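These notes concern the structure reproduced below.
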Amino acid sequence: MIRILMICLCAMVFLFCLYVILIQNFTESKRKTQDRVMGLVSEEERNKSDKKKGKLNLKIKKEKKKVSVFATTHKKLQLLEEELYNLGMKMPVQTFVTLWVAITIGLPTIMMMLGVYIAICIIVALIAAFGPLLFIQKKKKKRKETLESQLIEGITVITNALKAGHSFQTAMGNIAVDMEGPMAEEFGRVTRETQRGMTLEASFNSLCERIGSDDLEMLCQTILIQRKVGGNLTEVLDKISETIRNRLDLKEEIKTLTSSGKISGYIIGALPVILLVLISMINPVYARPLFNTVIGNILLLISVILEVIGFIMINKVVDIKY
């Protein structure tokens, strides 16, 4: 039974890799599908028979459903590719997804073939399945926090350039040259986009969507409004800088107050695992039924699920939105 399961898992890995390869040719397939839909619509208009018209409507719905499914998959891959690019990972999204699924399925399968306990294999599969997503989310959050901490310095660079008589475009270019990290990368990208013909409003909207920072969005919207209505931009930027500085101070205070709760959550989450390891080392016979019996594997799996749920709930409690 286990051998059949392993063969099925390997077949799933192969089929998924084949699916990812086919995704690369999605654009052409989508275009051909849309052409077929338009052809069916034209044929429907030419056909006056109610019976044929009903059949055509059914075909059109099926074709549109195919387009919708492929478009949704392609959009998700594009979002993942954008996330990888923003995090500095130059790996193609197809390669990332293929390796992700191959490790998620292949590694536990190899462990099962080597005789590792099924419960441990399931835990490894869960870690491999959700680990990359958690890693991306953590890196994205870290990048956002780093950029927010650089906003005041970036505003200072812009105001100094404007006071020296430079244009706003040159001031943004100075950020890319004089600063480092995500602030320089993102504003350098905005500068390149505007030089290629994209409007500043569209480029700023794309920037805010990528980062997801309220402080950055406030800065961008203020600049756009001020450029439309006119006025002293440097004075407005100074006020924005003061507001962002107060918000950052408030965030640091909140982090200090909630840090003890987060540490308590980490300790509570790690305590059962540490106890299990210690018991297994001190008295292996006592903990062995958890690994070599079906009931023990089920209890161990339930414990892992409850651990994850408890960890998430504790993080939700101490994660204050501000």
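Placed from the backbone N, Cα and C atoms, the Cβ positions cover glycine too.
Annotated features, as they stand in TrEMBL:
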type	residues	note
DOMAIN	158-279	domain 'Type II secretion system protein GspF'
TRANSMEM	6-26	transmembrane segment
TRANSMEM	93-110	transmembrane segment
TRANSMEM	116-136	transmembrane segment
TRANSMEM	263-282	transmembrane segment
TRANSMEM	294-314	transmembrane segment
If you run through the domain 'Type II secretion system protein GspF' (158-279) with DSSP, how many residues end up as helix, strand and coil?
107 helix, 0 strand, 15 coil
Mean per-residue pLDDT in the domain 'Type II secretion system protein GspF' (158-279) works out to 85
